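What TrEMBL says about this protein:
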ACT_SITE  Glu379  active site
BINDING   His378, His382, His388  Zn(2+) binding site
DOMAIN    217-449  domain 'Peptidase M12B'
REGION    19-44  region 'Disordered'
Amino acid sequence: STVPDYEIVKIHSIRKREIGNLDDGGGGGGGGHKRTKEKASAEDATKELKFSAFGQNLNLNLQKSNSLFRDKLKMFIAEPNVSGSIHYTELPHEHIGDTYQDEQNQAALLLLRDNDDGTLLMEGTIGHDLVVKPVPSHVRKHALTPSTPHEDSLPTNVTLGERDFVHHQHIVYRRNSASSPDLSDYAFMEPDAMPLYTKKKRTKRHTINKREAPYVIYPEILVIVDYDGYRLHGGDNVQIKRYFVSFWNGVDLRYKLLKGPKIRITIAGIIISRGRDATPYLERNRVGRDAIDSAAALTDMGKYLFRERRLPVYDIAVAVTKLDMCRRQYPNEVCNRGTAGFAYVGGACVVNKRLEKVNSVAIIEDTGGFSGIIVAAHEVGHLLGAVHDGSPPPTYLGGPGAEKCRWEDGFIMSDLRHTEKGFKWSPCSVSSFHHFLNGDTATCLFNSPHEDESLPRVLPGKLLSLDAQCRKDRGTSACFVSKTSGDRMKELRWELSLFVHL
């Protein structure tokens, strides 16, 4: 792919200057040590970063985001073996940094320290079209300066009342803002995939003995990276972990902009496929060399996960692929490309026991550079009961639908544009979320993130909520196993064609 518009920028972290000894209160007894720890904790919870890119001064006031994953995010490799089965091995924990968000500036970033000199590095997205990444480590070592207090060359948006620390240079580039074509990216579930009384009008909901949705819900996402994604990120497990934590931090930010219902994305685990057959549901549904039949692959994925008993507990499973996704309108017809994701509307928490199939699944396309963030938010939106803006609800869900909201307005549940409105949810989507989350199948989303105890809830008919099935059948844990500066810039530009992806 072509290299997008980019700039090399210096990142400045800002700390307010202390005035005299106002913090010192004059008391003794070790209070100073306590205040130092509290101050360090406060500095860790918030970060103020400033830089200039594309003629714009960016002032980021970042807040640490703690709900995305627990201290030791579980990560596994999946390797097919000669017998045709798949072997899962848990990887040792690697600290990758911390996630931060700035809701006002729509920034979702992973911050970490350079192992060599301790300077701040960041990776993620800002607004609807900017991506930021550190330059590659070997380039940093030869071309760039370490972090120091920097008084003489303050950027225009840093005042003399602040301490300025200059960190390593980063690449900032613009993401392609082209929209996805109007192709179907969802499927309706089978007629028996929902309890019968969800098909009735809910005018007397108070007569149904069920739980109301809590104030905050936490969809736990199992992220499955296919073999092409593994290769896309150079086969580097730490980089894959860092990338997908940054990726889902960006998805979470879009849900955090909902004032209600409050939805907080969490990562249940990451599985890295080290062979094409580690995701057989994708491999057997290939179309040509570089595409997959999305509807057939989603069906097979649901059936595969129903049988697979070695995975971490999750609410929603999302397979991420670099392959093109396509859709057939009828069997044996041409598979039309353009679909960027695929999921079941209202599929969260639903397992169809008769068909032996998990419906809480999605497949999304991501080609690097966080291109799939808005797709992931969109497909998870389908799983949480939202239809496309301008569309009626499926009969098995009922509810408000989205006919009162125009597709052309460009909110998240429309044409996947990387624009300002592509960060926002239409009023119809918000209403659909409320309807689904207060329905009869969403209870697997009600527990706190990574909570091991299952909810005492069995759905009517031959269905179990996904949390109950996982914890009943699978247990509560996984079952496993020297150059000139000109030469440097030429090298950097060449590497950008590999390092930066649209």
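Cβ atoms here come from the backbone N, Cα and C positions, even for glycine.
All TrEMBL annotations are machine predictions without curation.
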Item to check | His388 (Zn(2+) binding site) - helix vs strand vs coil (DSSP) | outcome: coil
Checklist entry - Counting other Cβ atoms within 10 Å of each Cβ, which of the binding-site residues His378, His382 scores lowest? => result His382
Checklist outcome for this item: Cβ neighbour count (10 Å, all chains) around His388 (Zn(2+) binding site) is 25
Item to check | Cβ-based neighbourhood (8 Å from the centroid) of the Zn(2+) site, residues His378, His382, His388 excluded | outcome: Asp185, Tyr186, Ala343, Val345, Glu379, Gly381, Ala386, Val387, Ile412, Met413
Item to check | Residues that sit under 8 angstroms from the residue listed as 'active site' by C-beta distance, when 6+ apart in the chain | outcome: Asp185, Tyr186, Val318, Gly341, Phe342, Ala343, Ala362, Ile363, Ile364
Next on the checklist: According to DSSP, does the residue listed as 'active site' sit in a helix, a strand, or coil?
Outcome noted: helix
Item to check | For the domain 'Peptidase M12B' (217-449), the mean pLDDT of the predicted model | outcome: 93
